[in-house]
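Colleague: According to Swiss-Prot:
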type	residues	note
SIGNAL	1-32	signal peptide
MOD_RES	Thr64	phosphothreonine
MOD_RES	Ser69	phosphoserine
CARBOHYD	Asn129	N-linked glycosylation site
CARBOHYD	Asn168	N-linked glycosylation site
CARBOHYD	Asn188	N-linked glycosylation site
CARBOHYD	Asn225	N-linked glycosylation site
Amino acid sequence: MISNGIGTVTAGKRSICLLPLLLIGLWGCVTCHRSPVEDVCTAKPRDIPVNPMCIYRSSEKKATEGQGSEQKIPGATNRRVWELSKANSHFATAFYQHLADSKNNNDNIFLSPLSISTAFAMTKLGACNNTLKQLMEVFKFDTISEKTSDQIHFFFAKLNCRLYRKANKSSELVSANRLFGGKSITFNETYQDISEVVYGAKLQPLDFKGNAEQSRLTINQWISNKTEGRITDVIPPQAINEFTVLVLVNTIYFKGLWKSKFSPENTRKELFYKADGESCSVLMMYQESKFRYRRVAESTQVLELPFKGDDITMVLILPKLEKTLAKVEQELTPDMLQEWLDELTETLLVVHMPRFRIEDSFSVKEQLQDMGLEDLFSPEKSRLPGIVAEGRSDLYVSDAFHKAFLEVNEEGSEAAASTVISIAGRSLNSDRVTFKANRPILVLIREVALNTIIFMGRVANPCVD
């Protein structure tokens, strides 16, 4: 849930609510209405009017870890889009590690690091001075070769097209962005134009001053509609008030089917062993099939389960019994993960995987501050003059919230969630490798061609009530 930090006022400064509200899933296509750009996916740099108030250019390109290793760029992919995808993956692992450090090892974690990155890129449109510099550095945007901060938005548009505008319709892909702005405020036209063209975020005026409660209900209803009722009443009473200037909302919904489904007839109750040594009952799915798999460093098992269409996969990382998942999480780097994925080979497997549903909701403010994004959240230091027409310097982000949802079952959707039938047809063939996720696992959902981490999390407690 959203805390009451939204819309607070400090030292006479007005706060902007950055609200990345997420339901697990793949992003939908970027669509822009009443835009001079007919199709952002085919547009050239000169076609997209990316002219924010301030531009940041680093003195030299900053290298990310392991960048010297050669990786093949996918066909028909702009090199800068590829670098942006890598930058997002570096941010993903760094942010995840900060978040995991703040949580108990028995807590489930789930988030969309790509969505957090995109939401703050939208905020970056209006940023200047050190606020802009920190946004570039924390989100690793400054690792993209010889490009300035304004061009990042063009590359984001192209990345979104590669990720979400696909011919494959075997998964349900829904995404929506929206800016809810105070109707008494005149917003910078360039900020509005770029937000709509690049990110599909239209501005909807609301009467924060005259009717804050109705504004809250309107935003909550919009979120509920865009997430098919999965996320409701996200913004609590009193969270929106007369001092609120802007609420930025991002929603994501995903519904995908396994390429190789688990038969419900093979699902049964088994024990799941949590990090604290306690055990609990889960519905354990089972199947025997060929999957991309590898036993990597220190006997950690890595398994890739494709969704229909093969362009999106779920990667499961299971440490050996003697090693905690927390240890693997802290050692993980984007280059290590890439190396593991490159080593996966088709293997005949016996897969035991819990059926589960996890939700996670948290403020990203503390983790981002620890990573160096400090000025944006400071009433005294924040510089966001490019958001409102008069170029005001009294805006800051009071807090930033993220909510994510993941459900895994035999179909890859909600179907047959309550059916438990006795085990049938389980093989005892000793020649087959076993992947048994009856203890905490790391979960990633990625786009294969660009190796973009779309979602990331930890299943530490999938237990049945």
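Backbone N, Cα and C atoms are what each Cβ position is placed from, and that goes for glycine too.
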Colleague: In the structure shown, which of the glycosylation sites Asn188, Asn225 has the fewest other Cβ atoms within 10 Å?
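Modeller: Fewest other Cβ atoms within 10 Å, among the glycosylation sites Asn188, Asn225, is found for Asn225.
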Colleague: Roughly how many Å lie between the Cα atoms of Asn188 (N-linked glycosylation site) and Asn129 (N-linked glycosylation site), rounded to a whole value?
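Modeller: Cα of Asn188 (N-linked glycosylation site) to Cα of Asn129 (N-linked glycosylation site) measures 18 Å after rounding.
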Colleague: To the nearest whole angstrom, state the Cα distance for the pair Asn225 (N-linked glycosylation site) and Asn129 (N-linked glycosylation site).
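Modeller: Answer for this pair: 37 Å between alpha carbons.
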Colleague: Cβ-Cβ under 8 Å from Asn129 (N-linked glycosylation site), same chain, 6 or more residues apart: which ones?
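Modeller: Set apart from Asn129 (N-linked glycosylation site) by at least 6 residues yet with Cβ under 8 Å, we have Cys54, Asp375, Arg383.
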Colleague: For Asn129 (N-linked glycosylation site), what is the secondary structure state per DSSP, taken as helix, strand or coil?
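Modeller: In three-state terms, Asn129 (N-linked glycosylation site) counts as helix.
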